[in-house]
Amino acid sequence: MKASFWILSLLICLSFAFSASLNKLDTEDGVVAFSFHVHRGNTLEDATRYNRPYLSKRSNEDGTLSSTILNEQSFYLANISVGSSQQQIGVLLDTGSADMWLMSQSNPYCDSTVDCNKYGTFNESNSTTFESNNTDFSIGYVDHRFATGEWGHDDITINGVTVNQQSFAVANKSNSSISVLGIGFAGLESTNDPTNGYTYANLPIKMVEQGIIKKSVYSLYLNSSQVSTGNILFGGVDHEKYTGSLQTVEIVNTDSDSSKPITVAVTLSSISVGSNVVTSQTSAALLDSGTTAIYAPSAVFTALGEALGASYSSALGAYTFNCIDESNDTAVTFDFTGAQINVTLYELQIDVSELSSSVSDANGSCAISIFKSSDSSYILGDVFLTSAYVVYDLENYQVSLAQSNQNSTETNIEVIQSTVPSASTAKYYSSTWSGSSSSSSSSSSASTS
């Protein structure tokens with residue numbers, strides 16, 4: 001999971017545009033707040049704003065039709081300023097990795113395969129405050145992108161807030177089109193190898209050390225899937241962005257090679273549709289804002305489709321039904337040791353009309369954006385997270401959840417000093433997943449990696 005950047009990473013980024021600055025929310029000392037625009041696409045290059053999830057056909061080698069979520073990834077792009085010369089650089093703010101690396105102006109791929117001007121590059125010779133520590137950097141991602149270079153440190157400014165002497169790598173060779181700002185667990189850092197590895201103060205930790213925020217914690221509000229704006233708060237919680245109460249659950253460790261969690265997986269106790277309990281087997285579920293859809297074990301995938309009254313399409317590999325409007329209140333309830341999040345069928349539906357030439361009667365037909373996982377694991381992507389307000393506490397290995405107050409325009413931001421304000425422990429907090437199944441279920445045991 002250390003390098004799960006595009007598909008299985010906990011990708012969370014902020015919107016980027018050199019022509020327009022981000023709007024900073026009204027906050028107080030101890031909170032760094034940003035608004036962002038959601039971009040969705042199969043790759044960063046084709047991701048666009050206002051892009052609803054949709055299906056696209058894919059031909060197998062034998063000529064048969066299979067399917068994929070074309071825009072199966074979500075990207076949130078940010079603009080930061082680096083060094084004494086305040087160089088403007090676009091970055092992906094990524095919870096699925098923990099290193100910050102910036103594209104070097106000398107990257108040879110800029111001249112051949114990568115448009116480095118689109119998001120900007122860093123020229124360390126133009127910053128009098130940059131210092132190299134002469135240590136090699138290297139990272140690779142599951143989509144075969146990579147970055148290599150050298151570690152150093154410099155001042156970075158994010159939406160008016162300056163972090164002094166932040167460690168990052170300058171990538172003098174990369175086939176990626178954009179720099180990365182990782183804010184995940186320190187255990188994800190590329191320096192933390194199994195032999196003689198070590199961790200360092202990445203951005204959230206550095207902000208705590210310099211008194212910018214009180215605690216290594218951030219809150220995510222993706223808003224409705226119908227809009228492209230949301231926000232993230234470092235060091236704070238916005239009480240206007242959720243309804244009901246925040247309930248705290250434990251982050252579970254799904255990595256047998258690590259003594260502590262390095263990804264944000266939580267205990268999924270049950271899934272229901274109305275009074276119909278689809279599964280009550282305790283499993284681990286990965287909260288992944290970098291994935292658009294929801295992935296579930298085969299038996300649960302089938303049971304959910306049937307419980308929602310949909311029909312399975314072998315051409316799509318998904319359950320389909322007649323598209324509905326927002327007035328339909330059919331919902332799937334996800335229970336996390338007592339903390340419940342409802343995701344409406346309206347939020348889950350994706351249009352398949354683009355497939356009208358390959359799928360009969362595609363007009364007016366929608367698919368449920370829940371798909372069968374390849375390894376019996378659960379991944380809850382942004383079609384789930386749009387319905388949840390999530391506070392990530394990286395120090396206490398906890399997540400606080402509440403139902404999202406979608407399309408909220410008000411703010412009531414509070415600094416997180418220690419525990420999350422107004423949050424209570426989930427009723428069955430102690431009944432956490434530990435790698436073995438419990439209770440009865442229609443599915444097999446799930447785990448993430």
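Note that the numbers count up from 1, one per residue, in the order the chain is shown.
Using the three backbone atoms N, Cα and C, a Cβ is placed for every residue, glycine included.
Curation does not apply to TrEMBL; its annotations are automatic.
Straight from TrEMBL, the features:
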ACT_SITE  Asp94  active site
ACT_SITE  Asp288  active site
DOMAIN    76-402  domain 'Peptidase A1'
REGION    430-449  region 'Disordered'
SIGNAL    1-19  signal peptide
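The secondary structure of Asp288 (active site), as reduced to three states from DSSP, is coil rather than helix or strand. Distance between Cα atoms for Asp288 (active site) and Asp94 (active site): 10 Å, as a whole number. Look at the active-site residues Asp94, Asp288 and count other Cβ atoms within 10 Å of each Cβ; Asp94 has the fewest.
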